[in-house]
Amino acid sequence: MASVEEIRNAQRAKGPATILAIGTATPDHCVYQSDYADYYFRVTKSEHMTALKKKFNRICDKSMIKKRYIHLTEEMLEEHPNIGAYMAPSLNIRQEIITAEVPKLGKEAALKALKEWGQPKSKITHLVFCTTSGVEMPGADYKLANLLGLEPSVRRVMLYHQGCYAGGTVLRTAKDLAENNAGARVLVVCSEITVVTFRGPSEDALDSLVGQALFGDGSAAVIVGSDPDISIERPLFQLVSAAQTFIPNSAGAIAGNLREVGLTFHLWPNVPTLISENIEKCLTQAFDPLGISDWNSLFWIAHPGGPAILDAVEAKLNLDKKKLEATRHVLSEYGNMSSACVLFILDEMRKKSLKGERATTGEGLDWGVLFGFGPGLTIETVVLHSIPMVTN
């Protein structure tokens with residue numbers, strides 16, 4: 001009879017968790033930042049607030065965003081005007097829209113990841129689903145499993161209302177699942193739709209206005225597993241370590257409250273300073289075991305919370321401008337898609353590395369870092385190891 005220790009060892013994978021495929025998706029409706037102030041104040045019936053509109057225009061101009069994809073259309077706002085008010089009861093209709101659409105958008109990204117992976121979906125053993133948009137039972141994970149036709153025995157983890165750091169959280173969770181379950185293949189999906197946070201402008205809520213200028217909709221999926229079969233699977237990045245911490249005395253720095261009026265967004269103006277002053281400690285703890293202290297020797301996947309955060313991190317760590325190119329590109333083309341952003345950036349980096357004929361998936365570098373920042377104020381730190389392009 002096998003001992004507990006023997007059973008435990010047999011259940012574990014031998015190698016590190018590895019990202020094997022990536023897929024992304026967005027809604028069809030695209031809005032351009034250059035004329036978004038006109039659009040936003042028109043659809044929320046707020047064109048009389050001329051001074052606030054000028055202020056919002058300046059926020060949009062400084063956002064470094066070119067365009068975003070948003071599920072909510074002008075027609076939907078005409079049908080449900082309470083969504084476009086600043087503080088009108090609207091949670092029921094928001095929930096109706098979100099709980100239907102979040103799994104659908106997640107499905108689009110998941111199908112792309114599954115196609116790239118190239119294996120039967122019956123081989124997916126675990127599903128990790130994350131969204132800040134809507135809550136119900138059974139959850140979006142259950143709906144997605146059915147939409148995709150996954151096995152009823154798929155082991156599901158549902159993460160609601162984690163916010164912008166959760167792209168790191170899902171990778172940390174998938175890493176633990178893959179490494180502690182031999183043969184596991186984990187489908188990870190982040191799907192975000194801003195119907196829950198959209199609202200009209202108010203002179204008394206400039207932090208809400210910042211959110212309206214930054215956030216976009218999108219979904220991303222990755223497949224994670226240990227000990228890949230190189231004959232049929234194409235490794236992209238290894239997940240070497242993963243950690244989470246929160247910054248003391250920063251509980252309200254980034255916050256969201258679910259109320260009858262939807263999810264309200266609150267932001268302290270010193271968030272860029274809080275993150276930049278604490279990020280090096282996270283880096284040191286993560287990379288000391290590897291003997292790495294030159295942050296410019298890493299490839300970077302940083303959640304693009306906004307240009308001020310990226311500028312502050314860049315300045316504090318003396319990063320070369322090119323280090324956050326992939327991050328800034330995703331911010332520019334999609335806006336802040338909360339948990340999905342870092343997975344979009346991973347996709348951008350491996351594509352950019354392939355196009356540029358780099359030696360590895362990490363822009364030719366071996367080691368990289370993925371950061372998520374969000375409510376708490378919480379920081380997720382994932383150490384990545386790239387894969388040589390010749391094995392790809």
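Quick reminder: no glycine exception, Cβ is built from N, Cα and C everywhere.
Under the heading active site, Swiss-Prot lists CYS164, citing sequence analysis as support. The substrate binding site feature in Swiss-Prot is assigned to LYS55, PHE56, ASN57, ARG58, LEU267, GLY305, GLY306, PRO307; the stated evidence is similarity to another entry.
Feature map: Swiss-Prot annotations on the structure.
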residue: LYS55; record: substrate binding site; DSSP class: helix
residue: CYS164; record: active site; DSSP class: coil
residue: LEU267; record: substrate binding site; DSSP class: strand
residue: GLY305; record: substrate binding site; DSSP class: coil
(message) So the record assigns LYS55, PHE56, ASN57, ARG58, LEU267, GLY305, GLY306, PRO307 to substrate. If I measure every Cα pair among those residues, what is the longest distance in angstrom, as a whole number?
(response) 20
(request) Write out the long-range same-chain contacts of ARG58 (substrate binding site), meaning residues 6 or more apart in sequence whose Cβ is under 8 Å from its Cβ. (result) none
(message) Cα-Cα, whole number of Å: PRO307 (substrate binding site) versus the residue listed as 'active site'?
(response) 15
(request) State which of the following recorded positions has the fewest other Cβ atoms within 10 Å around its Cβ: CYS164, LEU267. (result) LEU267
(request) Can you grab the distance from PHE56 (substrate binding site) over to CYS164 (active site)? Cα atoms, rounded to a whole Å. (result) 22
